[in-house]
Amino acid sequence: MSAKIIDGKTIAQQVRNEVAALVQKRLAAGKRAPGLAVVLVGENPASQIYVASKRKACEEVGFVSRSYDLPMTTTEAELLALIDSLNNDSEIDGILVQLPLPAGIDNVKVLEHIHPDKDVDGFHPYNVGRLCQRAPKLRPCTPRGIVTLLERYDIPTYGLNAVVVGASNIVGRPMSLELLLAGCTTTVTHRFTKNLRQHVENADLLVVAVGKPGFIPGEWIKPGAIVIDVGINRLESGKVVGDVEFDVAVERAGWITPVPGGVGPMTVATLIQNTLQACEEYHDINENRVKGQ
């Protein structure tokens, strides 16, 4: 029996439509549109594609989108100065600095320089700490997007044995925190994990984010499991595949995300959600205080 497909494209479009409707309500009430600043340093082709998709999504929902395409020669001090300016800009609710940054610029220093209230990627230590303390504010986009997929498909998670393959700061670690919040018993595996197969075979819910095509053989999947494949890998043939051997896994799993069209669209949709949230929860309040003075 083939698994049911978790269609990230459809759910992402639903999310964007919902945000667009809320933006129209804001405008009708005399409020400003949310604003997102997207900063790209250098000319990494993959980064340019990601940034273009984010800018397009902003325009689709009616956000104010500001683009800052900086040359590869940009210094760390120049980038931090731009972030300072955006932190103090009352029309900007979210600041996104596209990673990776060129050599010589400290990723951590740059991300920590973004004000937590404008950290719509959810990478600032304050926002990660809030998630860890079970009181999340702006949440990392890919993990939150995955949770949204599970919720929209009414897939129950309480009591499941969840396994996350990959322990990156962007996906694996925050994903484990999201799964704990969702009531799962959660295991995180990484490059030092012994007997990975045993962990995967015991997973009721499997999230794989390692960036290696077909890293998890389909035969390892527990029958009926929920499989979330975060990987996006382009083969020499040009075909895009995930981190899980899809053709075999789809015959064993109960639910599975395809690649492409699964998790990827949700990352951008969640960025849009986070920007609206930052606008309404943080900056509307501050603007009202200023008007009341």
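Placement of Cβ uses the backbone N, Cα and C atoms for every residue, glycine included.
Annotated features, as they stand in Swiss-Prot:
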| type | residues | note |
| --- | --- | --- |
| BINDING | GLY166, ALA167, SER168, ILE232 | NADP(+) binding site |
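Around the Cβ of SER168 (NADP(+) binding site), 16 further Cβ atoms fall within 10 Å across all displayed protein chains.
Across GLY166, ALA167, SER168, ILE232, which the record gives as binding NADP(+), the greatest C-alpha separation is 16 Å. Listed in sequence order, the residues of the same chain lying 6 or more apart from ILE232 (NADP(+) binding site) and placing their CB within less than 8 Å of its CB are GLY211, VAL240, GLY242, VAL259, PRO260, GLY264. Long-range neighbours of GLY166 (NADP(+) binding site) (same chain, six or more residues apart, CB within less than 8 Å of its CB): GLY172, THR189, HIS190, VAL208, ALA209, VAL210, GLY211, VAL230.
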